Amino acid sequence: MTQEVLILPGDGIGPEITAEAVKVLEALQQKDNLDISMTHDLVGGAAYDQHGVPLAEETLEKAKQSDAILLGAVGGYQWESLDISVRPEKGLLALRSNLELFANLRPAYLFPQLADASTLKPEVVAGLDILIVRELTGGIYFGQPRGIRTLDNGERQGYNTYVYSESEIKRIAHVAFDAAMKRNKKLCSVDKANVLEVTEMWREIVDEVAKEYPEVEVQHMYVDNAAMQLVLNPKQFDVMVTGNMFGDILSDEASMLTGSIGMLASASLDANNKGMYEPSHGSAPDIAGQNIANPLATILSAAMMLRYSLNREDLALKIETAVSKVLDQGLRTGDIWSEGLTKVSTSEMGDAVVAAL
């Protein structure tokens, strides 16, 4: 049965890097009987320029009908002055909330060929392989009430609400425990239970869910310590699970341990493993249109899409092996290039991955 994939290139370097991932998927369609149909549409600033909103209703409808979504990146300088309600990022948030994509999976994996690219000593990061599971549709980013108000004395006050329900915590905990079971059966839950009641409850619920996974070794860590430990001794972690805001920050920190955010994929899943896949980096408007961006994170996001939503683990591994081969050949985009290696463009890197398939 043909599976429907919606391609949303977005803004900045989004169209360039997405084109390379599509190239790889097309090669798999031809050579490996990948039975998918790809449809393209707009999101973010590109959608705002055409429709006046960062996510058109018909695009959302297409997303709901798709088996998976591959997204480039959203945002850019030219939209920063817009009202917050129609900024490009709102298109991304709307997709996540409307599709109930509550689980964000961000691998921080260090390719051995790139050990020197990390700012940490090679011995600290060699063999690094962390999966951060972040709750994506609750917490302080979505809590109500929120806003900016003027008090009686004329002073302005900003306020947000940090809220999680028991069911929201349970379902993300299950995703994290399931991931841990498929990996090294180690889970670290990150909270701020010494200060925030929300995360005090988070810790209690993670412990309750843990009883269903007796084989998984569970550890709890305060977020400030977790941020420190990621730099001090990152290899102690395997799967980490945390709320929306802490996960946003920690996954970016973990990504830089690998030396290039241009290598890191991410998946956002619903309860049935339907998902949206995107690189962990942003839209990088400063290098857009120059054919120099690293497409590997997007290509690896396509691999995650094949693994989690399209049930083609064989083809996911095929892409990951091809990426590794290309790195072995010494090919690098500018962000991961160093002396003695071959610098290639965005499209050349995509072509090399296709050839390595």
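Placement of Cβ uses the backbone N, Cα and C atoms for every residue, glycine included.
Swiss-Prot annotations:
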type	residues	note
BINDING	76-89, 282-294	NAD(+) binding site
BINDING	Arg96, Arg106, Arg134, Asp224	substrate binding site
SITE	Tyr141	site 'Important for catalysis'
SITE	Lys192	site 'Important for catalysis'
BINDING	Asp224, Asp248, Asp252	Mg(2+) binding site
Return the residues near Ala288 (NAD(+) binding site) by Cβ distance under 8 Å, restricted to its own chain and a separation of at least 6 in sequence.
Asp11, Gly12, Ile13, Glu16, Gly76
For Asp248 (Mg(2+) binding site), the one of Arg134, Tyr141, Asp224, Ala284 that lies nearest, given that the recorded positions are compared by Cα:
Arg134
Compute the mean position of the Cβ atoms of Asp224, Asp248, Asp252, which form the recorded Mg(2+) site, and then list in sequence order the other residues of that chain whose Cβ is within 8 Å of it.
Val223, Ala227, Met245, Phe246, Gly247, Ile249, Leu250, Ser251, Glu253
Cα distance (Å, whole number) from Glu80 (NAD(+) binding site) to Arg106 (substrate binding site):
26
What is the total of other Cβ atoms whose distance to the Cβ of Asp248 (Mg(2+) binding site) is within 10 Å?
17
Express the distance between the Cα positions of Arg96 (substrate binding site) and Ile292 (NAD(+) binding site) as a whole number of Å.
29
Just going by other Cβ atoms within 10 Å, which of the binding-site residues Glu80, Asp224, Asp252 has the emptiest spot?
Glu80
Secondary structure of Arg96 (substrate binding site) (DSSP, helix/strand/coil):
helix
Can you tell me the CA-to-CA distance separating Tyr141 (site 'Important for catalysis') and Pro88 (NAD(+) binding site), as a whole number of Å?
16
Residue among the binding-site residues Gly76, Pro88 whose Cβ has the most other Cβ atoms within 10 Å:
Pro88
Whole-number Å value for how far Asp224 (substrate binding site) lies from Lys192 (site 'Important for catalysis') (Cα to Cα):
8
I'd like the number of other C-beta atoms within 10 A of the C-beta of Ile292 (NAD(+) binding site), please.
18
When the Cα of Arg134 (substrate binding site) is compared with the Cα of each of the binding-site residues Ile84, Pro88, Ile292, which one is closest?
Pro88
Hey, which of the binding-site residues Ile84, Ala284 is the loneliest by Cβ count within 10 Å?
Ile84
